[in-house]
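**Q** The structure is given below, and queries will be raised subsequently.
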Amino acid sequence: MTLIDGRAIAAAITAEVTETAAKLRESGTAPTLAVLVPTDDDATAWYVRSIERAAKKVGVDCRVVQLEKPTGADVTRELDKLSADPSVHGIICQTPLPEGVTLDDVGAHIDPRKDVDGANPVSLGRLTAGLPTYAPATAAAVLEILKREQVALSGAQVAVVGRSTIVGKPAALLLLGEHATVTVCHSRTKDLAAVTKAADVLVVAVGRAHFIGADHVKPGAVVIDVGTNPTPEGGLVGDVDQAAVEEIAGSITPVPGGVGPVTTSLLLRHTVTAAQS
Ligand SMILES: Nc1nc(=O)c2c([nH]1)NC[C@@H]1CN(c3ccc(C(=O)N[C@@H](CCC(=O)O)C(=O)O)cc3)C=[N+]21
């Protein structure tokens, strides 16, 4: 069993991004990521700080815009402003959003050229059509890990558990683009274990601790655990019961230290790409 080292993969991406950011700075462009924060919960605050820290390391400027109990109109007004601001190259609108506001509604207000976390339905449409676009960073991280680990995807059976717009659906589309045979499972899937047990690659993004156990995994499978569930002790666990699945899987991404760090490094890679064009 191999534990996939997400931090090492993130470090390799970060090295590439640092080089590109330095070249941009030499030519007079300071690559800039705007982070719109519409809530004040602890998890969001932690994630925003980790983006700021990572951005600073690679030479990307990070502009955090914190909103206090905004309406949907407040959020879209701010996104319109950032979209029109020539000093901003990338925009991410943090989820969760306030009650009654959806990312699909506000995402349309992020200029697709700056949509580094793939939230605009235009970006998602382009992804569906197989056109160049920014995929949501978490979904992109799933594919990046599989590629760097040289996992054969063409013709492989892949099960994606979770169908969110931000992870499950775009991850399935990216995997389809690699010629995998993709099955998307969700809360109404009958006999989930039968589907996941047939998968050479299992991607789990449901947001429930220990959702996937030993009975769900094919011997030797590659397991990508996208979940980051806070524990009462202040730690973090994935959606996969790691201890149980370790006995069966061929390789697995740990939590922490798996998909998370790769997600943040790709958000920054997307930002320098946006600053280059
Ligand atoms: N529009 C939007 N896009 C997102 O991509 C998005 C979002 N909203 N809202 C919140 C979730 C959560 N998320 C994480 C990213 C990295 C780590 C990460 O790097 N975690 C460390 C945790 C280190 C620790 O606490 O021990 C790790 O997994 O190693 C975690 C969580 C992105 N999200």
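Including glycine, each Cβ sits where the backbone N, Cα and C put it.
Found this in TrEMBL, in case it helps:
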- Gly162, Arg163, Ser164, Thr228: NADP(+) binding site (BINDING)
- 4-117: domain 'Tetrahydrofolate dehydrogenase/cyclohydrolase catalytic' (DOMAIN)
- 136-276: domain 'Tetrahydrofolate dehydrogenase/cyclohydrolase NAD(P)-binding' (DOMAIN)
**Q** Using CB under 6 Å from any atom of ligand 1, narrow the binding-site residues Gly162, Arg163, Ser164, Thr228 to the ones that qualify.
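**A** The ones that qualify, in sequence order, are Thr228.
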**Q** Across all chains shown, how many C-beta atoms besides its own are within 10 angstroms of the C-beta of Gly162 (NADP(+) binding site)?
**A** 24
**Q** Note the mean pLDDT of the domain 'Tetrahydrofolate dehydrogenase/cyclohydrolase NAD(P)-binding' (136-276), expressed as a whole number.
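**A** On average, pLDDT over the domain 'Tetrahydrofolate dehydrogenase/cyclohydrolase NAD(P)-binding' (136-276) sits at 97.
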**Q** If you measure every Cα to Cα distance among Gly162, Arg163, Ser164, Thr228, the residues said to bind NADP(+), what is the biggest one in Å?
**A** 16
